[in-house]
Amino acid sequence: MNPMYPIAQIRQIEQAAQATLAPGTLMQRAGTAAAHAALELIKFPHQQTSILVLAGPGDNGGDALESAAHLAQLGLSVSVLLHADPDKQSVAAKQALLRAQASSAKFIDSSQTNDVDAVITSTPWTLVIDGLFGIGLTRPLPDQLHQIVNTINRLHCVVLALDVPSGLDADTGNIVDDQAGGRGVAVRASHTITFIADKPGLHTCDGRDLAGQVQVARLGIDHSLFPASAIRLNHPDLFAASLQQRKHNSHKGSFGDVAVIGGALGMAGAVILAARTAAQCGAGRVFAAFLQDAPAYDSAQPELMCRRAHELDFSAMAVVIGPGLGTSAAARDVLLHALQAATPLVLDADALNLIGAESSLQKIVTQRQAVSLMTPHPLEAARLLGKSGAAIQLDRVDAARRLAAQYGSVVILKGSGTVIAGVDGEIAINPNGNAGLATAGSGDVLAGLCGALLAQGWPVWEAALAAVWLHGAAADTLVAQGIGAIGLTAGELIPVLRSGLNRLTAEQALLRR
Ligand SMILES: NC(=O)C1=CN([C@@H]2O[C@H](COP(=O)(O)OP(=O)(O)OC[C@H]3O[C@@H](n4cnc5c(N)ncnc54)[C@H](O)[C@@H]3O)[C@@H](O)[C@H]2O)[C@@H](O)CC1
Ligand SMILES: Nc1ncnc2c1ncn2[C@@H]1O[C@H](COP(=O)(O)OP(=O)(O)O)[C@@H](O)[C@H]1O
Ligand SMILES: [K+]
């Protein structure tokens with residue numbers, strides 16, 4: 001289900017496949033698949049339809065040249081901007097170049113053109129195909145291409161990237177930076193057709209912004225050549241087994257209790273958001289536990305039971321600890337108590353900051369027998385790993401995996417392309433959600449949802465996958481309704497999460513019939 005592979009594994013699959021095929025076969029298949037994808041994007045080609053193909057020095061350029069030849073043979077107006085030394089091309093890419101040269105495609109010689117920018121902007125392109133670099137990019141784009149890529153990124157047409165948007169690291173989703181640490185450039189594609197298998201860097205960090213809609217072309221490679229994958233794209237299929245309709249013969253005790261612990265002075269709202277989410281996403285009973293004085297009740301959600309944290313016996317509940325907890329001595333005490341309880345635990349926000357700052361707490365987390373689920377954003381992850389936030393973002397998959405292994409906890413590393421890591425190294429990357437979630441309190445809502453699912457008996461891995469998926473889907477639904485991305489508030493997510501969870505559950509019940 002939705003497997004993804006790092007570059008090194010893609011290369012192995014590629015080699016195994018090539019051993020059984022005539023030379024150049026995979027490139028020809030990639031070029032054909034790219035041409036089909038281009039035609040689908042153009043939809044109704046007409047006389048003014050014009051396609052610009054950027055072809056680089058390696059085999060990604062070869063794919064582009066194959067697609068250029070196909071599209072030109074179909075009678076479309078194709079221009080090729082070639083950035084390659086034919087003497088250094090692979091045999092397959094040379095063949096592709098010959099085919100493109102033999103077609104009606106026009107070649108723009110960038111070395112003979114003073115102002116390539118002017119050439120690019122002088123034509124109203126219907127489509128740009130980016131075949132500059134793929135998974136072979138080892139250093140930032142060369143200077144000559146900076147300007148071209150910036151110009152392409154300013155065009156208002158469909159941009160189809162082949163394999164990977166040029167400049168993007170397919171493993172990490174980072175733009176390949178220059179030696180001095182300066183920001184490199186990468187093509188911002190509206191669509192990406194990626195070859196052989198999906199790649200993590202297309203879906204996390206800058207990947208979602210640069211790759212656009214991703215489709216996979218397996219190039220006819222036999223399934224047997226694909227090893228088991230440790231990385232998947234999150235999808236309801238991965239947690240469908242836990243989407244169970246409720247029995248008539250049930251009561252509130254059947255769906256568990258959640259305690260949300262946090263809410264130091266001035267930060268009570270974080271607890272309220274998480275607790276309301278837990279209540280509206282199916283927990284049988286929800287306690288909102290505050291470090292300082294608790295409000296008598298929550299007038300918008302009077303079902304919540306408001307308590308002072310140190311007076312609540314949460315030993316038989318799923319516990320969410322951290323939202324607005326602060327890092328005081330009292331906060332540390334209640335955290336220690338929660339860590340020592342044999343209860344499913346969601347560790348969020350200040351609970352993570354406290355753990356990051358104290359090795360004795362770290363040790364207790366690693367020794368817990370009951371399940372732990374950590375929900376750090378990159379800065380919290382940095383504190384937990386003793387790194388900088390920038391270092392976490394450089395390889396989010398690796399960071400999430402390390403955290404899970406080090407803390408013996410399932411980890412949700414938040415941000416665009418949230419990475420979920422299991423203790424055994426299993427990874428899922430979440431494909432939905434949007435920047436509307438970049439608002440105060442949306443993490444509290446996610447933590448509350450995690451708590452609700454754990455209280456209802458979900459296994460921790462499935463709970464993490466489902467919570468992240470539903471959270472992203474709720475934000476997408478709200479944006480589609482015009483409620484966000486700008487100005488979406490975290491509380492608005494809660495009823496949409498509830499309908500999302502009910503809808504998925506009902507759909508799953510139908511599928512099981
Ligand atoms: N090998 C195969 O079997 C297949 C490869 N395919 C395509 O081939 C691509 C990989 O091809 P390559 O390994 O040739 O790599 P790329 O085409 O991504 O380009 C890398 C080439 O540019 C050079 N290079 C790397 N960084 C550079 C930089 N910053 N400035 C200038 N030159 C730089 C490298 O030395 C190499 O020659 C894939 O992404 C995919 O598009 C597909 O055709 C499918 C089959
Ligand atoms: N640009 C974005 N795209 C997708 N999801 C995002 C984006 N920014 C934030 N999110 C999500 O929003 C939530 C924010 O959580 P967090 O940073 O803990 O905020 P808070 O502490 O204010 O609740 C996380 O689930 C994160 O993955
Ligand atoms: K590319």
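FYI, residue positions are counted from 1 along the chain as it appears here.
Heads up, the Cβ atoms here are built off N, Cα and C, so glycines get one too.
TrEMBL: automatically predicted annotations, no manual curation.
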Please pick, from S90, S103, S166, S190, the residue that TrEMBL records in the K(+) site together with N60, D130.
-> S166
Pick from G386, G389, G443, G448: which one does TrEMBL list with K414, G415, S416, G417, T418 for the same AMP site?
-> G443
In terms of Cα spacing, which of the binding-site residues N60, S166, S416, G417, T418, G443 are within 10 angstroms of I135 ((6S)-NADPHX binding site)?
-> N60, S166
Spatially closest candidate among G62, D130, T138, D163, H377, the listed binding-site residues, to T418 (AMP binding site) (Cα to Cα) = H377
Select the closest residue to S416 (AMP binding site) from the following binding-site residues, measuring between CA atoms: N60, D130, D163, S166, H377.
-> H377
Relative to the Cβ position of G443 (AMP binding site), how many further Cβ atoms are located within 10 Å?
-> 25
Neighbours of N60, D130, S166 excl. site residues, C-beta within 8 Å of centre, K(+) = L54, G56, G61, A64, G131, L132, F133, G134, A161, L162, D163, V164, P165, G167, V187
Is any of G62, D130, T418 (binding-site residues) within Cβ reach of ligand 3, i.e. under 6 A, and which?
-> D130
Quick one: which residues besides K414, G415, S416, G417, T418, G443 have a Cβ within 8 Å of the AMP site's Cβ centroid, in sequence order?
-> H377, L413, V419, N430, G433, L437
